[in-house]
Amino acid sequence: MKLGRAALALLLLAPYVVRAVEPISLSLALAGVLTTYISYPRLYCLFAECCGQMRSLSREALQKDLDNKLFGQHLAKKVILNAVSGFLSNPKPKKPLTLSLHGWTGTGKNFASKIIAENIYEGGLNSDYVHLFVATLHFPHASNITLYKDQLQMWIRGNVSACARSIFIFDEMDKMHAGLIDAIKPFLDYYDVVDEVSYQKAVFIFLSNAGAERITDVALDFWKSGKQREEIKLRDMEPALAVSVFNNKNSGFWHSSLIDRNLIDYFVPFLPLEYKHLKMCIRVEMQSRGYEVDEDIISKVAEEMTFFPKEEKVFSDKGCKTVFTKLDYYLDD
């Protein structure tokens with residue numbers, strides 16, 4: 001496809017070539033141009049995305065994106081910033097970077113993976129080197145697990161062969177059939193090469209609701225004791241979160257060798273969002289759409305959301321996921 005786009009661009013220049021070249025020489029000229037195009041990567045990359053064109057990650061730019069777009073997630077922002085910037089600055093990593101993001105729907109897991117992709121490749125999630133798998137879409141039938149395992153290994157091997165810095169995002173890990181994800185275990189381990197391919201520069205990101213109950217329990221305990229959520233440390237959650245996910249029979253990580261062999265670098269908790277965080281989401285959305293910020297509308301949208309637990313009503317049960325639909329109602333009014 002990339003070659004086709006570039007060839008089309010060259011063919012569009014053909015009228016100008018015709019004026020300067022005799023018809024009998026035109027085909028030879030175009031053949032020579034295409035041969036030169038294929039032979040020189042820099043010329044190729046003028047017309048198509050290249051693996052070598054990945055952005056030189058700016059820690060400052062990544063931090064700015066996380067601060068401006070991800071709300072109420074001090075733990076996730078710190079882990080992602082340090083893990084991603086540290087990994088990409090290492091010319092010879094021992095293994096791929098593996099991040100497992102956990103929390104309720106609407107807390108920012110998908111958004112965080114989007115930010116990571118955009119800071120590595122200009123095309124972000126649309127880059128040819130960023131690959132998204134959705135459990136219920138790509139692996140729907142439990143009876144086909146063996147087939148899925150083979151396909152998954154082939155897909156990852158092929159894409160990493162084409163670009164060592166490939167990014168793989170697995171969404172809905174809590175809905176993935178148990179045992180399937182273990183197929184990629186050799187690619188995440190401390191091997192220099194597996195079947196003549198090195199996976200050490202690849203990035204694997206897993207998104208899951210599994211473990212969200214444990215995360216909420218810790219956050220609620222801090223709230224009840226009068227502590228600020230920003231006082232929660234990663235050590236307060238990560239060990240228990242890993243165990244919770246490993247023992248969750250409804251999770252794709254149930255008794256997974258990826259956890260058992262310590263191949264997940266970070267279990268990243270996404271805390272349930274509070275009322276003030278919803279207002280932050282709405283405010284930024286209004287600005288991104290070009291509207292003047294209206295605090296009355298922001299408050300009305302936030303107040304329409306529902307909160308839990310039933311008695312305390314501290315945390316939004318849908319996070320920021322549905323506030324944008326609610327916002328549409330007031331902006332169209």
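Cβ coordinates are placed from backbone N, Cα and C, and glycine is handled just like the others.
Note that TrEMBL annotation is computational and uncurated.
Around the Cβ of T107 (ATP binding site), the same chain contributes G72, Q73, F270, L271, P272, L273, G319, C320, each under 8 angstroms and 6 or more positions distant in sequence. TrEMBL lists G103, W104, T105, G106, T107, G108, K109, N110 with the feature ATP binding site.
As a summary of secondary structure, the domain 'Torsin-1A C-terminal' (273-330) carries 31 helix, 4 strand, 23 coil according to DSSP. What TrEMBL lists as domain 'Torsin-1A C-terminal' is 273-330.
Annotation source TrEMBL lists signal peptide at 1-20.
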Query: What count of other C-beta atoms do you get within 10 angstroms of the C-beta of W104 (ATP binding site), across all chains shown?
result: 22
Message: Sequence gap of 6 or more, Cβ distance under 8 Å: name the residues on the same chain that satisfy this around K109 (ATP binding site), in order along the sequence.
response: L101, H102, G103, L207, S208, F270
